[in-house]
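The feature NAD(+) binding site is assigned by Swiss-Prot to 7, 8, 9, 10, 11, 12, 74, 75, 76, 98, 99, 100, 101. Taken from Swiss-Prot, the feature NADP(+) binding site covers 35. Residues or ranges marked as active site, proton donor/acceptor by Swiss-Prot on the basis of sequence analysis: 131. The (S)-2,3,4,5-tetrahydrodipicolinate binding site annotation in Swiss-Prot covers 132, 141, 142 and rests on sequence analysis. Marked as active site, proton donor by Swiss-Prot on the basis of sequence analysis: 135.
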């Protein structure tokens, strides 16, 4: 199968390329980045994996729709208008969008929703994420997804408190979200459900970025066999 990696020169783009070269499923692997535009491509891909930058989204969506190519989006840091554009594209081609491609992280998404649904208003909720010092967006896309899953379990949206300083007593019902940046941390996420008597922690730590590359390739194998629509990693992993 012919694979196009959008954002080949980036860390994840390189990892996906290396992983794909070891998998006989992929007969042709090409890449697009600032130095290698789509005009240089020799073949029309059968699936695209995008790990680039929010500013590149319009280009990848236009190309995928123009050629009718299924698309996997692993880029994070999107604004509301980006997500709306992805929703529109999914009306024309199969699109799989995920803030995290690992099996373990997607299990965590499912678990925090369940815990939130069980505890409801019986706990203060704090989400902590840690990444390497080169990560551009904060909070991480995965932390945003964790909060979304928690709110789904609660059955309501909550105020989000990003960090704390000065005189700021905790408001009842708010969800605290905290980002740590340092060194070469691959990715750590933890949801804390805290009350006066006990704390429930649900956490995940990635040891190697290749886990995201493998997940992206599995997502690509999945999305090529799907009809037009918007999909997520829980669909790939059967967690729906």
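Cβ coordinates come from backbone N, Cα and C, glycine included.
Comparing residue 101 (NAD(+) binding site) with residue 142 ((S)-2,3,4,5-tetrahydrodipicolinate binding site), their Cα atoms are 10 Å apart once rounded. The two recorded residues, residue 99 (NAD(+) binding site) and residue 142 ((S)-2,3,4,5-tetrahydrodipicolinate binding site), show a Cα separation of 5 Å. When the recorded positions 131, 132, 142 are compared by Cα distance to residue 76 (NAD(+) binding site), the shortest distance belongs to 142. Neighbour counts of Cβ atoms within 10 Å were compared for the binding-site residues 7, 141, and the top value is held by 7. Per the record's binding annotation for NAD(+), residues 7, 8, 9, 10, 11, 12, 74, 75, 76, 98, 99, 100, 101 show a top Cα-Cα distance of 20 Å.
Secondary structure at residue 76 (NAD(+) binding site), as computed by DSSP, is coil.
Residues 132, 141, 142 make up the record's (S)-2,3,4,5-tetrahydrodipicolinate site, and a Cβ search at 8 Å around their centroid adds 76, 99, 100, 129, 131, 135, 137, 140, 143, 187, 189 from the same chain.
Its Cβ placed at the centre, residue 99 (NAD(+) binding site) has 23 other Cβ atoms within 10 Å. Ranked by CA distance from residue 35 (NADP(+) binding site), the recorded positions 9, 135, 141, 142 have 9 at the top as the closest. Of the recorded residues, residue 132 ((S)-2,3,4,5-tetrahydrodipicolinate binding site) and residue 7 (NAD(+) binding site) place their C-alpha atoms 19 Å from one another. When secondary structure is read from DSSP and collapsed to three states, residue 131 (active site, proton donor/acceptor) falls in the strand class.
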